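S.K.: Let me begin by handing over the structure; questions about it come next.
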Amino acid sequence: MQRTREKPEKMPENNKARKKLRVCVATCNRADYSKLAPIMFGIKAQPDEFELEVVVLGSHLIDDYGNTFRMIEQDDFDIGSKLHTIVRGEDEAAMVESVGLALVKLPDVLHRLRPDVLVVHGDRFDALALATAAALMNIRILHLEGGEVSGTIDDSIRHAISKLAHYHACCTRSAEQHLIAMCEDHARILLAGCPSYDKLLAAHYRDDYMDIIKNWLGSDHVKEHDYIVALQHPVTTDIKNSIKIYELMLDALISFNKRTLILFPNIDAGSKEMVRVMRKKGVEQHPNFRAVKHVPFEQFIQLVCHAGAMIGNSSCGVREAGAFGTPVINLGSRQTGRETGENVLHVRDADTQNKIYHALELQFGKRYPCSKIYGDGNAVPRILKFLQTIDLDEPLQKTFCFPPVKEWDISQDIDHILETQSALAVDLGGTNLRVAIVSMTGKIVKKYTQANPKTFEERIALILKMCKEALSDAVCLNCRILGVGVSTGGRVNPQEGVVLHSTKLIQEWSSIDIRTPLSDALHLPVWVDNDGNCAALAEKKFGHGKGVENFVTIITGTGIGGGIIQHNELVHGSTFCAAELGHIMVSLDGPECMCGSRGCIEAYASGMALQREAKRLHDEDVLKVDGITDMKNNEPVSAVHLINAARLGNSKADAVLQTAGMALGVGIVNILHMVNPSLVILSGVLASHYQSPVQQVIEQRALPSARSIRVLTSDLEEPALMGAASMVLDYTTRRLY
């Protein structure tokens, strides 16, 4: 049964007839203020629409945590009330007592301020006290960042606040779906994005970022991407283990021997023990460490953006750091379930120092594509408009949208309000340039084809034009584009998004950075890889390779290429020329290859090689055979003519194909003996012609242990496009270490 989303009532035509909306923003700690401050500035900038009241409580008012209420005053906000609500002790009982103390003090403040709406953020125990007090005092609540999943007690608190709240401003599509599944009214849910992204996306490129880095790291010699930011909080449901992980993290950081800015943990139960561990190890006196209680958000952005890595379990690592492509090592269970970008490496079972140290080795100094899972920089305008639609005359009692419970229909259909997560796939061939919108299930929603220009400038301009057209169409097609994947011929550095050396078929395409101009113009993350590797990725996600740990894909077309999947990962090699399968030599004296060598598989079995042999036979006047129509004078000889001639009994044409099949088969036998895959997939226009000969060569020439390996032909019609799309569609996959 479908449930249509109710439209919010329109604003009164006469704005003077509407009274100002009195909005109370309550902030409890340094982390939630970074999310609430952009909204507070937005409210303050519209005095004709809103009255702003600010309530400060929690760890803002504690000296050990930096007395961070001062930064609110420095931002020129009038604090209406300061409530000392923290009972010290930093254990479970102290957290419960703090909630109780807040509930004792809040009624007087809320009664005095009489806000129309209380804005509450996140999943802290202080926020639960705020929401409880406001709900019982019949004050409307707007909850920020509800519907998210992190995997600890924070989930329970967050969802409890969502049930008390009347309105929701969430950050991601998944969070929106979770709120709907929790029976919240969809008309009162705004998919806004994270407010902190408004500030960080606008301000993270600053000319003085090196001054900020040197100031906080305490050294004039520290370099960009050559230091670590560490921030680890206790997990209140497993305090003992979280302290152990903290100790192991400090040991790993000391051994790793890089400049490190370490922030004190939050005030949750277990934080006092973590500080004791830090002081026991002498971190505050260690020459490589700077331990601080608080960093202003604008400067913290710079420190995270330009760090070599971030480590710990702070939500900043899985949220804000992704916007910069900063490598992150996420330790333990505190962020389990969070949506993450490619930049996050999870060490969930962080039980040894060596494991954490190895994760630092893997991540430190890398850069990843930017991820905007949590926002696009326009959250605050959306939230302010959302606030303006609140009708204070409508009933205060919130209603829940339970799905109908019937034997034949036990779930609600929300497909009409959900966008299809999709990718833009770009395939750069020697002849054509193709762009497609590809859904998560591998369906090509729409495809665009143009002739590939001959110059770099024209080619980039055409790619951008086609992508922008596809982005525009995606809105009408209800597709949410997550990013852009590019498949191209030649040798590619996928880490940098650069074509190192192109094939001769694509001119002006060597030493070309594709990622930067596309990402800058389209404001989307961009992945780039070789077309053979993309074909392997396509098989892994959508084809015969799905669920297969080790396999090889070979493209048989104009050239010969391919990709190798080993232990579920694509093999690139040290200089990104792994899986150049077409250039495996099968003869010392064979025909010349386009690479300049002789006897390569491509020189025997590619479409160009077959065309060369077809032309030779045609010139010798031995290509004709009964049953084949004479070619027109202006029709070029192609591999198709050779194949047709062999099919109709031409012995010379058949000998050429037998030689080509033998060369390809011998090359594949070499591959089997080197990487020992469990499956070989032939892709491309010539795949069906080579399957049988290749299988015969394997049975005759492979080692006994490799003879049973299957050879299949691909069922995918567009492997390059599908593989380009798979790079994007898999970018939120949580990588486990």
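Placed from the backbone N, Cα and C atoms, the Cβ positions cover glycine too.
Keep in mind that what you see is a predicted model, and the values were worked out from it rather than measured.
Annotated domain 'UDP-N-acetylglucosamine 2-epimerase' per TrEMBL: 48-387, in sequence order. Per TrEMBL, active site is recorded for D531. Residues annotated as Zn(2+) binding site in TrEMBL: H583, C593, C595, C600.
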S.K.: If you count other C-beta atoms within 10 angstroms, which of the binding-site residues C593, C595, C600 is the most crowded?
M.R.: C600
S.K.: Given the Zn(2+) site residues H583, C593, C595, C600, which other residues of that chain have a Cβ within 8 Å of the mean position of their Cβ atoms, reported in sequence order?
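M.R.: Apart from the listed residues, the neighbours are G582, M585, M594, G596, S597, I601, E602, A603.
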S.K.: Please report how many Å separate the Cα atom of H583 (Zn(2+) binding site) from that of D531 (active site), as a whole number.
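M.R.: H583 (Zn(2+) binding site) and D531 (active site) have their Cα atoms 15 Å apart.
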S.K.: Give me the count of other Cβ atoms within 10 A of the Cβ belonging to H583 (Zn(2+) binding site).
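M.R.: There are 20 of them.
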S.K.: Specify the count of other C-beta atoms within 10 Å of the C-beta of the residue listed as 'active site'.
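M.R.: Counting Cβ neighbours of the residue listed as 'active site' within 10 Å gives 27.
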S.K.: I'd like to know the mean pLDDT over the domain 'UDP-N-acetylglucosamine 2-epimerase' (48-387).
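M.R.: A mean pLDDT of 90 is what the model gives the domain 'UDP-N-acetylglucosamine 2-epimerase' (48-387).
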S.K.: Could you give the Cα-Cα distance between C600 (Zn(2+) binding site) and the residue listed as 'active site', in whole Å?
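M.R.: Approximately 19 Å lies between the Cα of C600 (Zn(2+) binding site) and that of the residue listed as 'active site'.
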S.K.: Whole-number answer please: how many Å between the C-alpha atoms of D531 (active site) and C593 (Zn(2+) binding site)?
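M.R.: Cα-Cα distance, D531 (active site) to C593 (Zn(2+) binding site): 19 Å.
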